[in-house]
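Report on one structure; see the data block that follows.
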Amino acid sequence: MPFSNSSDASPSFILASIPGLEAAQAWMAIPLCSAYVLAVVGNLAVLLVVRMEPSLHSPMYFFLCMLAAIDLALATATVPRILSFYWFDTREISFGACLLQMFLIHSLSAIESTVLLAMAMDRYVAICHPLRHAAILTNAATAKIGLLAMARGVLFFLPLPLLLLPLPFCGSRVLSHSFCLHQDVMNLACANTTPSVVYGLTAILLVMGLDAVLICLSYVLILKAVLRLAAWRERLKVFSTCIAHICVVLLFYVPLIGLSVVHRFGRDLAPLVRIIMGNIYILVPAVLNPIIYGVRTKQIQRRILSLIHVSG
């Protein structure tokens with residue numbers, strides 16, 4: 001049945017179920033819930049450890065706290081709603097709730113991209129200009145970068161739901177994910193979506209695309225500085241400080257690019273592929289980021305082990 005977002009209607013969308021596994025969705029939700037619990041515990045542990053450990057009160061770890069908070073918010077904006085669908089069969093999501101979830105996903109992703117760029121710049125200054133690092137990246141500068149990241153994400157991606165708000169929707173109401181994404185919702189509109197398409201692509205290129213280019217540039221400069229060092233052991237020691245950040249960058253951008261490619265060029269792919277890619281994009285970085293930094297940072301390891309020992 002056609003529907004619109006007019007005042008006399010109650011528009012809603014239908015979240016996508018797992019193709020062929022509808023009867024087993026309650027069981028499929030268990031690993032999803034377990035991953036969400038790991039994400040919550042891991043990111044809260046990072047926040048707690050950095051707060052309690054004075055030696056970690058530096059820009060690098062403040063950026064890590066921002067990353068943990070963003071991952072926590074992104075997972076919480078999506079996974080509980082997915083679990084509600086899988087366990088209680090609440091497939092329907094209202095138009096307003098869908099637009100809010102869509103805005104949170106895209107704006108939080110943009111904020112995370114900006115924080116990853118700031119972390120790359122932190123590594124660049126620390127390696128290429130170590131004597132100026134403390135003067136350039138002060139705690140005040142770090143706080144301003146965090147506020148700038150938030151403003152950038154909100155201002156660039158707030159127009160996405162506003163552009164969809166006046167559009168009529170008709171025909172199928174079924175989304176291709178268990179949560180709301182801009183491309184997914186936009187494809188269900190039965191009106192001209194060119195402004196929404198152009199703005200969405202422009203926002204992604206100016207935020208995630210530009211950030212990715214600048215991150216690559218920073219690592220080219222870092223690599224040039226590292227290669228100037230005489231000893232291989234010294235080169236490896238310096239570059240090893242970047243390994244955790246490189247892994248986190250790949251965990252963020254690879255699923256993001258994969259999901260974008262699936263939406264724009266993968267119309268003939270099986271629906272299951274889209275659902276899997278969407279869940280990877282939402283949950284995998286949130287689960288693995290704390291583990292990566294926990295493994296690579298001895299101070300975080302020691303503090304977490306001491307907390308486990310005390311609680312035990």
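Glycine too: its Cβ is placed from the backbone N, Cα and C atoms.
Unlike curated records, TrEMBL annotations are generated automatically.
Taken straight from TrEMBL:
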DOMAIN    42-293  domain 'G-protein coupled receptors family 1 profile'
TRANSMEM  26-49  transmembrane segment
TRANSMEM  61-87  transmembrane segment
TRANSMEM  93-120  transmembrane segment
TRANSMEM  141-165  transmembrane segment
TRANSMEM  197-222  transmembrane segment
TRANSMEM  243-263  transmembrane segment
TRANSMEM  275-295  transmembrane segment
| field | For the transmembrane segment (93-120), distant same-chain residues with Cβ under 8 A (at least six beyond the ends) | value | 5, 10-15, 60, 63-64, 66-67, 70-71, 73-74, 77-78, 81, 142, 145-146, 148-150, 152-154, 156-158, 160-161, 164-165, 179-182, 185, 203, 207-208, 211-212, 214-215, 218-219, 245, 248-249, 252, 256, 282, 285
| Which residues of the same chain, at least 6 past either end of the transmembrane segment (243-263), have a Cβ under 8 Å from a Cβ in it? | 67, 109, 112-113, 116, 119-120, 123, 181, 183-184, 204, 208, 212, 215, 219, 269, 273-274, 277-278, 280-281, 284-285, 288-289, 292-293, 295-297
